[in-house]
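TrEMBL annotations:
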type     : residues : note
DOMAIN   : 64-348   : domain 'G-protein coupled receptors family 1 profile'
TRANSMEM : 52-73    : transmembrane segment
TRANSMEM : 85-104   : transmembrane segment
TRANSMEM : 137-158  : transmembrane segment
TRANSMEM : 186-207  : transmembrane segment
TRANSMEM : 227-258  : transmembrane segment
TRANSMEM : 284-311  : transmembrane segment
């Protein structure tokens, strides 16, 4: 389009020689290629709506995590049961990790969006092994803040499973100090995995459309180290989701069976205490199931697509069409994974016992209202039919 505009402004069509038109056209095509080569005209540039969507997503994530942190801090300060306090400490760590995991990578991605992304030459240099500090930091942040929520969800599910199935063992093993040590160990393991490319095990590169960095999964020079790094990342994530699924299933079945076995008896103080404890256990297990379902929906696509992409790239069985498909799948996967840090706080906020009780009361009140209206309508209908069948009324 630039060449066509320049051609129209160069003079009247009849005043130009055909040979000069050809030479001028060739010169302008060379200029266009030069401009495109410099990055001024590139199809990989993010869309104009990218910065707005990234800013809105970042704002929503920050607000969600701040609200959840405030609720958790208030609940932790008023909580006296040690098992519930341990769960709240885990949940606070999860929300805090999601908060920083949304701020740090989100700010870097937003900066790349606002700057129009990196030039294809810089992305290619990063893919060929050239060190880009910003890309390395962004990729490491995404791996660290991606594994931490999965590890924390797994640890919370295992802790609740032990508390529901073996309460005496749980009370003797689980303490506040050990919980804090477990949290430190989880963060340390995730940090060690994220720093593996510093020791030449795997690498981080710019991903399509050159506006974010992640593990190298699609490249012509995929090495065994890249495959091992992706396999480690995907394997740890999927294993955490699987362990959380098993632990939450056991906890849920145990609570359901305990509820079915309970027979009506005289109320006492110990009975009321056990009832309150069970209600707390049910609340925590429901929240854990919500966190697990959210993590499975948000993270499974990226973990699976990433491993599939690196395996096909390593075997050399991926052509240009498949390359575009896998680039789109990975981009959709990372966008879906970013929503996990937004939805986790709302899972805790909405699945609290107080909120569920209000929803239950509203639903019950609405059902009772609908039932009373239906009964009144049926009664009026019956009376009208009776009056119609009465011979006196008919006369």
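Yeah, the Cβs are placed from backbone N, Cα and C, and that goes for glycine too.
Note that TrEMBL annotation is computational and uncurated.
The transmembrane segment (227-258) and the transmembrane segment (137-158) are in contact, since at least 3 Cβ pairs between them lie under 8 Å (pairs 6 or more apart in sequence). When averaged over the domain 'G-protein coupled receptors family 1 profile' (64-348), pLDDT in the model lands at 83. Long-range contacts of the transmembrane segment (52-73) within the same chain, counting only residues at least 6 positions beyond its ends with a Cβ under 8 Å from a Cβ of the stretch, are 88, 91-92, 95-96, 98-99, 102-103, 106-107, 109-110, 113, 338-339, 341-342, 344-346, 348-349, 352. A Cβ distance under 8 Å defines the sequence-distant neighbours of the transmembrane segment (186-207), meaning residues of its chain 6+ beyond its ends; these are 97, 118, 122-123, 126-127, 129, 132, 135-136, 138-141, 143-144, 147-148, 151-152, 155, 213-216, 218-219, 225-226, 228-230, 232-233, 236, 327, 330-331, 334.
Long-range contacts of the transmembrane segment (137-158) within its own chain (CB-CB distance under 8 A, at least 6 residues past either end) are made by residues 87, 90-91, 93-94, 97-98, 100-101, 104-105, 108-109, 182-183, 186-187, 189-191, 193-195, 197, 204-205, 212-215, 233, 236-237, 240-241, 243-244, 247-248, 251, 288, 291-292, 295, 299, 334, 337, 340-341, 344.
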